[in-house]
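Scroll down for the structure; my scribbles are underneath it.
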């Protein structure tokens with residue numbers, strides 16, 4: 001029975017709880033048992049909030065018993081990336097500098113999940129401050145990919161993706177600054193969505209690069225992602241960059257998947273050198289399938305995309321060097337060297353040295369360099385201009401197509417340790433996802449097969465214009481249905497037993 | 001492009017309040033050199049006529065009425081403080097001895 005419960009989709013689980021076939025407590029206990037059984041191997045969670053989850057589940061069951069209205073995901077368990085503040089529950093951002101910190105308030109995303117009666121199981125592992133593509137930069141050790149525990153689960157949201165792929169939770173939340181939702185989804189055969197910038201509140205989401213960061217839903221199916229998207233999205237007065245427009249009709253789109261008559265763009269620059277043969281093969285098959293389903297495929301060129309990675313690795317470090325200045329050892333978090341012999345400034349420097357890991361230091365130094373007087377125009381200033389060119393390329397592309405598709409990542413999951421001290425090789429993992437963050441568009445990754453050479457998952461990325469997030473779900477649902485029919489089951493069922 | 005020296009990394013570390021070790025200075029100098037060499041290509045296409053974009057949204061300032069609202073209590077605000085005294089954050093010495 002427990003095995004059956006953990007393999008249900010979020011939509012099925014919610015329906016069974018609403019009908020009384022299952023209780024929220026039963027569902028929560030089944031997932032807590034699964035975590036107990038497999039997470040020692042996977043290490044998806046940094047903190048499991050057993051008591052909090054069960055209390056929330058009991059509250060849902062009591063509400064139902066009293067005949068009170070339940071939300072669309074009432075009683076469904078969720079794994080929350082450890083970048084969102086949770087009142088009374090530790091929030092580390094994968095960093096030693098916040099080890100043991102208990103936030104006094106909930107992020108807007110956390111609050112909306114609670115208000116929707118979602119059961120938060122715990123906090124998931126991530127690259128420190130969301131800087132990375134493998135979750136190896138976590139100060140608390142790496143997470144294994146459930147498809148092969150010696151390989152990376154992607155990053156920075158590797159914990160959230162691994163929790164889904166190992167059936168420890170049917171829903172998860174991630175954040176995507178350069179691909180941190182979509183790349184983990186791709187390498188674990190799960191679904192991840194980066195909403196339009198401003199679509200989901202950043203209040204209480206620890207800032208890495210404020211003009212790029214965006215929270216979003218992670219799930220095992222397109223419909224589940226849409227249901228979660230609707231719960232967390234919407235205007236928030238606590239975030240001045242939150243867009244004050246209605247949430248796109250994502251659930252309706254996910255229930256009505258179709259690509260008939262749709263114009264789908266394929267970007268010439270997303271391919272060639274550095275792309276694994278099996279990834280290209282599965283992507284080309286996906287494009288062929290879109291054609292068979294009635295879409296018109298258009299080849300496009302976006303020449304500035306070849307500069308996106310370079311622009312990103314100037315803009316994101318610049319913003320992070322400024323954002324992370326708040327970790328000064330004065331008001332919260334770690335404090336080192338406060339023995340009476342050091343000034344406040346020295347204590348700050350000693351604390352940051354002890355509390356930040358190598359990738360965070362690298363990016364803070366790089367950002368400090370790029371923003372230095374004398375270098376500012378050549379680096380940060382030029383990167384901002386590239387950002388304009390990338391937005392223009394997207395605008396031009398969306399004049400002739402409705403959505404764009406690409407491989408989500410150039411390769412399948414690489415072995416843990418392979419790129420950890422080779423930052424430039426690591427950065428390549430985000431080649432196809434970064435342009436979307438720079439322009440602020442919406443994008444999804446969903447499974448499109450296993451690469452023949454290594455048997456590991458390949459992700460298909462769908463990109464929509466800003467505020468047209470519903471298109472991702474309309475196309476994603478159609479592609480997902482066609483693939484499940486072709487394979488005879490969801491791809492994740494081919495993952496090895498843990 | 002001049003190479004990044006360990007001395008420059010030390011200077012950047014001071015600006016960024018990072019007390020880097022000598023091993024880190026050497027290691028990061030080499031890596032930063034590689035990264036900066038790779039990202040410098042942004043200048044190839046950054047023409048005079050291209051306006052910079054700092055943000056994906058056209059931002060305007062967001063204002064609200066200046067009214068009293070519930071907020072954190074002093075105890076909550078101080079709950080994560082490394083040190084506190086008399087309902088205040090206690091910090092190490094800020095000014096010099098003299």
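For all residues, glycine too, the Cβ spot is worked out from N, Cα and C.
Here's what TrEMBL has on this protein:
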ACT_SITE  A:81  active site, charge relay system
ACT_SITE  A:156  active site, charge relay system
ACT_SITE  A:180  active site, acyl-ester intermediate
DOMAIN    A:26-472  domain 'Amidase'
Fill in the blank from the handout: Same-chain residues at least 6 apart in sequence with Cβ under 8 Å of the Cβ of residue A:81 (active site, charge relay system), in sequence order, are A:123, A:124, A:126, A:157, A:159, A:160, A:172, A:173, A:174, A:175
Practice task
Within 10 Å of the Cβ of residue A:180 (active site, acyl-ester intermediate), how many other Cβ atoms can you find? Include all protein chains, please.
Solution key: 36
Handout entry: Average pLDDT across the domain 'Amidase' (A:26-472), rounded to a whole number
Key = 97
Completion exercise
Cα of the residue listed as 'active site, acyl-ester intermediate' to Cα of residue A:156 (active site, charge relay system), in Å and rounded, measures 5
